[in-house]
Amino acid sequence: MLLQPLWTFLLGHSSLLHSPFFPVLFSLSVYLSFCLPFLLLDVLAHRWTLVRRYKLQPHSSISWASVRSCLALTLYNHLVFIFPLTVMHWYLRPVHLPVEAPALPRLLIQVLVCLLLFDFQSFVWHLLHHRVPWLYRTFHKVHHTYTSTSALTAEYSGAWETLSLGVFAAANPLLLGCHPLTELAFFMLNIWLSVEDHCGYDLPWATHRLVPLGLYGGARHHDLHHLKSKCNYAPYFTHWDRLAGTLCTQD
Ligand SMILES: [Zn+2]
Ligand SMILES: [Zn+2]
């Protein structure tokens, strides 16, 4: 039971895990902490060519106005839409925390399955919202405000998009009957990958460089999606775009 000490530690803070505020605080704080290193890189990229050479669009730079606007929309979506929904979920389905931790191999497999399911659901949602002009104009266009990506643009979306993707992410661990620790691990990985998708850098340790055989698109592919808008609809993996003939790998 490799994960038991970690789970026992978290159970020691069970009042926090049981709180109706926990989901929204967890989601916001994890998201902002993951964005922070990339924001720092954006500041350094202004001055250092060494950093700038990893940028996917070297001539783009972020402004404080865009940082403010992204932060404002993220906070607004969390407070006005996500918070009431998570409180309702907390009320209808009280948090149950088992004493035993999940086995590590089971956690890893379930996180991967949750991620593959989320990738598929997001691909279908995304393709539909590009192919139907009314859906694009009404719901998805706001996410395409920025043609070059930067970490904080990951959650620059309207309410419908934020809630749809939130529901996909929340439903998958429920569907698989995951342990709360598995659920937390999947949420953290999902937030990290969506921030990395939008970071605007092709770093040597990026996920798309670590996963072999071009199975993972990541930051390079999603930046191309923001630039061209007509390809790379899956957020993470490449197989659905490959099958649909919508994969593009270079500009
Ligand atoms: Zn995006
Ligand atoms: Zn799009």
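Positions of Cβ are set from backbone N, Cα and C atoms, glycine also.
Taken from TrEMBL, the feature domain 'Fatty acid hydroxylase' covers 111-246. Averaged across the domain 'Fatty acid hydroxylase' (111-246), pLDDT for the predicted model comes to 95.
Listed as Cβ neighbours of the transmembrane segment (20-44) (distance under 8 Å, sequence separation of 6 or more from its ends, same chain) are residues 51, 61-62, 67, 74-75, 78-79, 82-83, 86-87, 89-91, 150-152, 154-155, 184, 187-188, 191-192, 195-196, 199-201. Marked as transmembrane segment by TrEMBL: 20-44 (among others).
According to TrEMBL, the transmembrane segment annotation covers 65-87 (among others).
For 107-128 (among others), the entry in TrEMBL reads transmembrane segment.
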